[in-house]
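Contents: one structure, followed by commentary.
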Amino acid sequence: MEIHGFFFLFFLIFTLLLPSQSAAISPCASRTFSSNRVFSTCAALPHLSASLHWTLDPSTTLLSLAFAAPAPSDGWLAWAVNPTADGMIGSQTLIAFRGGPSGAVVVKTYNITSYGPVKEGPIGIDVSDVAGEYVGSEMRIFAKVKLARGTTKVNGVWQVGESVADGVPAKHAFAADNLAAKGVVDLVKGVSVGGGGGNSVLRKKNIHGVLNAVSWGILLPLGAIIARYLKTFKSADPAWFYLHVSCQLIGYAVGVAGWATGLNLGSKSKGIQYTTHRNIGITLFALGTVQLFALFLRPNKDHKYRLYWNIYHHSVGYTVIVLGVVNVFKGLQILQPLHKWKEAYIVVICILAGIAVLLEVVTWIIVLRRKSDKSSGAHDGANGANGRRGVQQPLSA
Ligand SMILES: *[C@@H]1O[C@H](CO)[C@@H](O)[C@H](O)[C@H]1NC(C)=O
């Protein structure tokens, strides 16, 4: 019954979370630069109406670039390459502002190591011919960057700030556009990868989030609900079992895919480690795999070891559900998607919990009624195997 609904929800969430491919607002305008600078390629970057023009000389791996974005005349503009991570920390940054004589644009270098005030200093990338200009309402940075051999993509980070105090660029705004201003630039294909909604890492994180929220966070709890409550209804007898097994197998398969995307993200994020999230994820994979064996090791209903199988299957199962939901929330905390995603997940979990509570009550009513039927109607042959099972172990599902 709910299966189709959940697949629908899955695809709905999946499609909505994928960044839209719509073009950025500001296309690569036909700019002309001072000193007859020309570049072979231009990409409109997905945030802050920024664009990057460049020429990459493959033989010398020298990247000549111009970075441009609208900025207040007394503000600043930053372009950075982050060799180690995909965010601000670790960025090897060029910042332009009007700090020279009679308002000339100066460009300085900053090794960003914290979210505190920036400090000018040497940076870990080889830059030369650094310059800046302010044209119209647009700030521009020029530089030549010597790339490592074979480099075809760089992690770009960029930013616009409102003001400069005593020669130090002041903190930028924290609007969504500011926080999202980073992405991988493919220097060969000439595109900012994953334009529109962010960057390829963000996109991978979103896919990771959706896969895991749907599998560990929704399908597995749903499968447990099916097993626990549907078996009370005699008419659903073999059906509940197949539904339960299919739901958990699909959940496990999607979950393993999500888990693999998580490992991949973890190996790429050298700078930052989300230890708890990662450890819970590894535990979940291990327990989920142990649970998979339950299917093959299941003794017959009347087998003397069945009790132990029940204990193992149920304790591992409930642990997986609790840890799964906890880790979805941990992941939401890390990914910080728009609030509506967290709210949507909370709504789904509350609906599942509501269904579980309702069915728990219904189950007890049915079980108690069967019990009283049985005690009043002495030798009542109608209470077959199903009925007896229902009476004796209403909670062992
Ligand atoms: C930038 O700062 C980090 C952290 O303090 C340091 O490890 C690194 O060597 C610095 N890079 C340069 C070029 O100074």
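Backbone N, Cα and C atoms are what each Cβ position is placed from, and that goes for glycine too.
Quick look at what TrEMBL annotates:
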type	residues	note
BINDING	HIS208, HIS244, HIS277, HIS313	heme b binding site
DOMAIN	48-161	domain 'DOMON'
REGION	374-397	region 'Disordered'
SIGNAL	1-24	signal peptide
Taking the Cβ of HIS313 (heme b binding site) as reference, which residues of that chain separated by at least 6 in sequence fall under 8 Å from it? GLN291, ALA294, ARG298
If you average per-residue pLDDT over the domain 'DOMON' (48-161), what number do you get? 92
Give me the long-range Cβ neighbours of HIS208 (heme b binding site): same chain, 6+ apart, Cβ under 8 Å, in sequence order. GLY258, THR261, GLY262, LEU265, GLY331
Within the domain 'DOMON' (48-161), count helix residues (DSSP H, G, I), strand residues (E, B) and coil residues, in that order. 3 helix, 63 strand, 48 coil
Residues HIS208, HIS244, HIS277, HIS313 binding heme b per the record - widest CA separation, whole Å: 27
